[in-house]
Amino acid sequence: MSDAKLLTPKTSIHTQSPRTKRRNAAETRFKVFGMIAISIGLLMLVALMGTILSKGIGAFQQSFITMEVELLEAKLDKKGNRNLSDIKKVTTFGYTPLIKNAFAKAVKDQGIETDLKTKDMAKMLSKSAAAQLRNVVIDNPQKIGQTIKFRFLANSRIDGYLKGRVSRESIANDKNVSVAQLDFADQLLKAGVLKKTFNIDFIIGADASDQRPEAAGIGVAMMGSLFMMLVVLGLSLPIGVAASIYLEEFAPKNWITDVIEVNISNLAAVPSIVFGILGLAVFINYMHLPQSAPLVGGLVLTLMTLPTIIISTRASLKSVPPSIRDAALGVGASKMQSVFHHVLPLAAPGILTGTIIGLGQALGETAPLLLIGMIGFIASNMPTTIGEGLLSPNSAMPAQIYEWAKRADPAFYERAWGGIIILLVFLVSMNTLAVILRRRFERRW
Amino acid sequence: MFDAPTIGSTVELQDSKITASGVHVFYGDTHAIKDVNVNIAAKTVTAFIGPSGCGKSTFLRCLNRMNDTIDTCRVEGNIHLDGEDIYDRRVDPVQLRAKVGMVFQKPNPFPKSIYDNVAYGARIHGLARNKSELDAIVEKALRRAALWGEVKDRLGAPGTGLSGGQQQRLCIARAVATEPEVLLMDEPCSALDPIATAQVEELIDDLRTRFSVVIVTHSMQQAARVSQKTAFFHLGHLVEFGDTPTIFTNPSDERTESYITGRIG
Ligand SMILES: Nc1ncnc2c1ncn2[C@@H]1O[C@H](COP(=O)(O)OP(=O)(O)OP(=O)(O)O)[C@@H](O)[C@H]1O
Ligand SMILES: [Mg+2]
């Protein structure tokens, strides 16, 4: 033994041997590659977020023209008895003169010098301006005869001018707006009549027709998505969890369960549009459920989400150590008691995470909605009851975004980006919730 | 070692609680237990000894049908508890396991509080009518498992937060809380220090007044100290089975003699 000691050359641990050097170099190279990969990923993320935010943030602001409007009794209620059915007979055309008068008054009050005709001034407002005013009057007939302060939506060209999307050069061929109108807009801006402010209606409002991008909001589509998610959660969580528990804990392991298992994995990989066509064939053509209804959308998305939930639930059931099951069985618990008292609570964080991720996927899904008629539909009213929310035609957030992106007017394009921001906020909050729940319920064993 | 005191070895042995005859166990193609015949007497401690991998745990798990949970495992032969076949079609393994409790080789407390660990069996079997009865059951079980003093002030703390040895005693407490008729213990002391081991051995001796205890152990001294009957397993065979003093002082098979004197193992 002492001979062997003499034969090995004495090395110092203060100098690195060539082997150690090579090993360390390889490790350093690997670390650098890893950091490069992560930096590229982060850069992409920042670029993506930056683009979305810069393009979409404008949708949350809108230009408004605030003026004093005299609600002339002679125009709105000729009989003077405030009879609602008579007031309703006055169409939006009856309100246009009031708006022109309001402009004339504003010009006089603010001392603005302009050659623009009041007719052209009124055209700077949204096409829904008269209707907005009419709705207010119908809701408050007692205001007829008074002068009220009213905030009109400016049309999308004026709004675009304030947001930098529209300039004097770019409108050369645009017959919807003139240079004179832009000049007047500058004067109104200076006088404080025209203002760009936060627009809650984009978040809570309904979609609008092609002619009125400034009035379009995503709120009703959001309700559509919400009702779909309720259906998805209510169906896929219990069905998915029950199926997984049965397959994982109770089902005998034979070729039938093997086939089922393979098929569930395959289902998870099926393109979502296939589920859409299945939904069209089964739920609409065969079962005659209403078209464009969130209930049908929810059913289709449930089919799509189930495999995800089953797979993640089974994975989290598998990760519970078998010794826990043995322990429960060993004190005389039944299979079901061992599963529900011990295994399921330990698997719960994983199940929750899987479910929320599945819901997130479903929330962002567009293709299957295409086939069941939830795209291109303009729902103008908020559902008032749960039944209505489930059954009356509606759209969904991603479908609404797709619809806006398709339209020609750049004002809609901006709204599409704004919609994406809202969708992302939902997804990020759901994922955050998943992380929080996992942290909270996670236990060591 | 052979003259180690054998507690109560003079106690008269009563008729058998469990009889096993012609038992074979297969894990898929592996033949793990080969033609084992053994009688486990009531109110007796029976020790299973033998080298690692010889099938002690496998045979023990046959006695309360824990092997049912292993898909590849197949049991042949007859095992009777109080004269009734435990592998009969009419037997509900859950009911059987309430009578034949088990402490596992590795401590496996539930990730719940110490109190809930011990109370669980009593709860699912409806042994306590109210909270104070349950408290009494928990305290008694913890005292028997020599753990009460260490945990009485933190019954709400998680059972998984205890040390390895404490966890094993918690598992023993959990098993005895349901008052089984037979208690199967798979190397219950492998993670315990000598003091805790002595306490558990005392507990085993105490349990013997009411139950049958089957204990798997790698410690010859322990087998000699606590058991009245000893079974020696080797490569899936039951080589020798008899009164503990006889096995340790005058084994009839040479493999037994080699093992207990430390030549095979
Ligand atoms: N779940 C299983 N699947 C397949 N083979 C198994 C399984 N459990 C045990 N075996 C095999 O059965 C034989 C007996 O194992 P067993 O666990 O009963 O041994 P043991 O005597 O308890 O050993 P130890 O003293 O190390 O605990 C071994 O050869 C082992 O490989
Ligand atoms: Mg073992």
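Every residue gets a Cβ built from N, Cα and C, even glycine.
On a predicted model such as this, the values are computed, not experimentally measured, just so you know.
Annotated in TrEMBL:
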REGION    A:1-24  region 'Disordered'
COMPBIAS  A:9-18  compositional bias 'Polar residues'
TRANSMEM  A:32-53  transmembrane segment
DOMAIN    A:222-434  domain 'ABC transmembrane type-1'
TRANSMEM  A:226-247  transmembrane segment
TRANSMEM  A:267-286  transmembrane segment
TRANSMEM  A:293-313  transmembrane segment
TRANSMEM  A:339-360  transmembrane segment
TRANSMEM  A:416-437  transmembrane segment
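Sequence-remote contacts of a segment are chain residues at least 6 beyond its ends whose Cβ falls under 8 Å from one of its Cβ atoms, and for the compositional bias 'Polar residues' (A:9-18) they are 24. For the compositional bias 'Polar residues' (A:9-18), the DSSP-based tally of helix, strand and coil residues reads 1 helix, 0 strand, 9 coil. The transmembrane segment (A:226-247) makes contact with the transmembrane segment (A:339-360), as judged by at least three Cβ pairs under 8 Å among residues 6 or more apart in sequence. Residues 52-53, 55-60, 202-203, 218, 222, 349, 352-353, 356-357, 359-360, 363-364, 397-398, 400-402, 404-405 of the same chain sit 6 or more residues outside the transmembrane segment (A:416-437) yet have a Cβ under 8 Å from a Cβ within it. When the stretches A:32-53, A:267-286, A:293-313 are ranked by Cβ pairs under 8 Å to the transmembrane segment (A:339-360), first place goes to A:293-313.
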